[in-house]
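*Asks:* Got these off Swiss-Prot a minute ago, pasting:
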| type | residues | note |
| --- | --- | --- |
| BINDING | CYS106, HIS148, HIS152 | Fe cation binding site |
| ACT_SITE | GLU149 | active site |
Amino acid sequence: MAIAPIRIVGDPVLHTPTAPVQVAADGSLPANLNGLISTMYDTMDAAHGVGLAANQIGYGLRVFVYDCAEDCRQTARRRGVVINPILETSEIPETMPDPDTDNEGCLSVPGESFPIGRAQWARVTGLDADGNPVTTEGTGLFARMLQHETGHLDGFLYLDYLIGRHARSAKRAIKSRHWGVPGLSWMPGEVPDPFGP
């Protein structure tokens, strides 16, 4: 098992768009990609996350892994990887997000959560770990995760989309925790679960 430190908001790799994974003419993927994917799964599992983008552990590649239910009330989860994802969504609501139903967290903003409006439905197309075409879609929590992870790969954190008092609360939290600077990370399994009880 290989667990990597998770970068915290302020690290440049989180705020830079990732590069597509290069696919060879024969359709094969880079030989070292399976090792990265394995580390991503191990890290996500150790952190109790529902998704993890490669740049969250310092790799500027367009890859994310997930282990996520359709919604918070379900125990059945879907697990997978998407390489070079392209996101499609339904319309994003223009109303103020509901703090009771629209809260979102991020492993790169450990222990914090803020309400954010997201599309109710999302789909990503890309490649699986073997280089085969893959499409995955969902609603609710699963759609939120797809939007969140592809946002990471585009160089954005969910904090970048917060509005009003929620954006101000996030700025205060970052300042009080002394985040927002390069080089900060946390190690899943070595510190208490930041989203746990």
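We number each residue from 1, going along the chain as drawn.
For all residues, glycine too, the Cβ spot is worked out from N, Cα and C.
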*Asks:* Other residues near the Fe cation site, CB within 8 A of the CB centroid of CYS106, HIS148, HIS152?
*Replies:* GLY51, ALA53, GLN56, LEU107, SER108, GLU149, GLY151, LEU157, TYR158
*Asks:* Roughly how many Å separate the Cα of GLU149 (active site) from that of CYS106 (Fe cation binding site), to the nearest whole number?
*Replies:* 10
*Asks:* Using a Cβ cut-off under 8 Å and a sequence separation of 6 or more, which residues in the same chain sit near HIS148 (Fe cation binding site)?
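*Replies:* Looking at Cβ-Cβ distances below 8 Å from HIS148 (Fe cation binding site), excluding near sequence neighbours, one finds GLY51, GLU104, CYS106, ARG118, TYR158.
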*Asks:* If you draw a 10 Å sphere on the Cβ of CYS106 (Fe cation binding site), how many other Cβ atoms land inside?
*Replies:* 24
*Asks:* Which state, by DSSP, holds HIS152 (Fe cation binding site): helix, strand or coil?
*Replies:* helix
